[in-house]
Amino acid sequence: MDDLFLVNEINRLKIERDACILAHNYQLPEVQDIADIVGDSLALSRAAAETTNKVIVFCGVKFMAESAKILSPDKTVLIPSKYAGCPLADSITKEQLEMEKKKHPEAEVICYVNSSAEVKAVSDVSCTSSNAVKVVQNSKSNKILFVPDENLAGYVAEQIPDKEIIPWAGHCITHARITVDDVIKAQEEHPEAEMLVHPEVSEEIRENADFVGSTSAIINYAKNSDSKEFIIGTEIGVLHKMKKDSPEKQFYLLSPRLVCENMKMTRLVDVYNSLMNMQYEVFVPENVRIKALGSLEKMISIE
């Protein structure tokens with residue numbers, strides 16, 4: 001099956017199934033191109049909550065599809081690649097978080113959306129890299145237990161020094177591949193370029209950046225900047241939209257290792273098979289969903 005056939009069939013099946021295709025900014029270019037909405041975790045969570053379609057095909061990883069099901073329990077939520085997981089989300093379990101909460105009973109628990117439904121269910125509020133700082137600012141507590149990404153926790157702590165941020169020792173394995181040598185090499189090769197990085201990178205990478213933000217923030221910054229060259233310190237998938245938005249600008253990936261294997265598992269044929277066979281449906285136990293719902297609803301209410 002060639003790509004043109006798959007695209008035509010996906011568009012036909014989308015109408016037949018009354019489906020909406022959501023794709024994360026890290027997805028393959030051809031998958032982004034057939035999606036109804038492409039965005040970061042916050043934008044996609046809001047889209048999942050607001051869509052009127054009966055079926056949501058979530059081109060992303062497991063925790064994203066779970067969040068869509070939590071927010072839209074009456075919808076059929078499909079994930080085209082059932083093996084697309086997230087090591088960061090897997091770095092903390094519900095049981096581990098409950099033990100950590102006992103150590104810090106006065107702390108509010110804020111969990112990054114890159115976490116399981118079970119972890120969200122025992123958290124006070126969720127956040128994304130887009131709104132993590134605002135979520136913490138909105139907290140009435142001066143002590144925050146922030147899970148599971150220690151680098152995002154560190155970034156938030158830098159922005160809000162008057163609050164005590166207690167991080168969990170988890171990290172994104174893709175962003176962790178960036179080294180200071182990568183930064184030195186990229187800046188030597190492209191001295192006129194601005195460096196834009198995701199807050200999931202380590203502190204030593206962030207402190208060398210011109211801008212730190214979520215995938216959508218990075219995309220928008222480059223689009224609106226007067227600069228013509230950019231070094232991009234996040235997953236390679238964002239380059240697709242950046243090049244479409246600003247074909248006259250030059251974009252250089254900070255490291256060739258910035259590829260998330262899990263995000264790249266979803267191919268056009270997987271989206272086609274998902275719609276054709278209504279596979280693989282995502283389920284969240286109702287007792288878990290109800291508890292996690294409050295955490296996610298608070299998240300999407302904060303700009």
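Cβ coordinates come from backbone N, Cα and C, glycine included.
According to Swiss-Prot, the iminosuccinate binding site annotation covers H24, S41, Y112, V113, N114, S129, H198, P199, E200, T215. Following the DSSP three-state reduction, the secondary structure of E200 (iminosuccinate binding site) is coil. Listed in sequence order, S129, D149, N151, L152, H171, C172, H175, T234 are the same-chain residues at least 6 apart in sequence whose CB falls under 8 Å from the CB of E200 (iminosuccinate binding site).
The [4Fe-4S] cluster binding site feature in Swiss-Prot is assigned to C86, C172, C260; the stated evidence is sequence analysis. Take the CB of C86 ([4Fe-4S] cluster binding site) and look out to 10 A: across all protein chains shown you find 22 other CB atoms.
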Candidates H24, H198: member of the binding-site residues with the richest Cβ shell (10 Å): H198
Number of other Cβ atoms within 10 Å of the Cβ of Y112 (iminosuccinate binding site) across all protein chains: 31
DSSP three-state assignment for Y112 (iminosuccinate binding site): strand
Pairwise Cα distance for H24 (iminosuccinate binding site)/C260 ([4Fe-4S] cluster binding site) [Å, integer]: 12
Residues satisfying Cβ distance under 8 Å from N114 (iminosuccinate binding site), sequence separation of at least 6: S41, F63, C86, L88, A89, P148, D149, C172
